[in-house]
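Chemist: Sending over a structure as structure tokens; questions will come in a sec.
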């Protein structure tokens, strides 16, 4: 039982360390939260942290076009 608990503790510590250095993701993990978007990215929504959710054009949702009546 002791080796199991030690292994579990090491794995939990490993996952916490790697999560700190990762970039915050948004829009179903398709976008990245940044202060400024890259040249080929566009802003679609805001992240929970207040940063911009930057999406590449291929990952942006297709919005319906308004039709004139």
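Backbone N, Cα and C define each Cβ position, glycine as well.
So Swiss-Prot says this about it:
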SIGNAL    1-19  signal peptide
DISULFID  26-53  disulfide bond
DISULFID  33-47  disulfide bond
DISULFID  37-54  disulfide bond
Chemist: Looking at Cβ-Cβ distances, which residues of the chain lie under 8 angstroms from residue 54 (disulfide bond) while being 6 or more apart from it?
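Modeler: Set apart from residue 54 (disulfide bond) by at least 6 residues yet with Cβ under 8 Å, we have 31, 32, 33, 34, 37, 38, 41, 42, 43.
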Chemist: For residue 53 (disulfide bond), which residues of its chain lie six or more apart in sequence with Cβ-Cβ distance below 8 Å?
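Modeler: Residue 53 (disulfide bond) has long-range Cβ partners 26, 27, 31, 32, 33, 43, 44, 45, 46, 47.
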Chemist: Just how many other Cβ atoms lie inside 10 Å of the Cβ on residue 37 (disulfide bond)?
Modeler: 18
Chemist: 26, 33: which of these disulfide-bonded residues has the sparsest Cβ neighbourhood within 10 Å?
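Modeler: Output over disulfide-bonded residues 26, 33: least Cβ neighbours within 10 Å is 33.
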Chemist: Near the Cβ of residue 47 (disulfide bond), how many other Cβ atoms are there if near means within 10 Å?
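Modeler: Summing over all protein chains shown, residue 47 (disulfide bond) has 17 other Cβ atoms within 10 Å.
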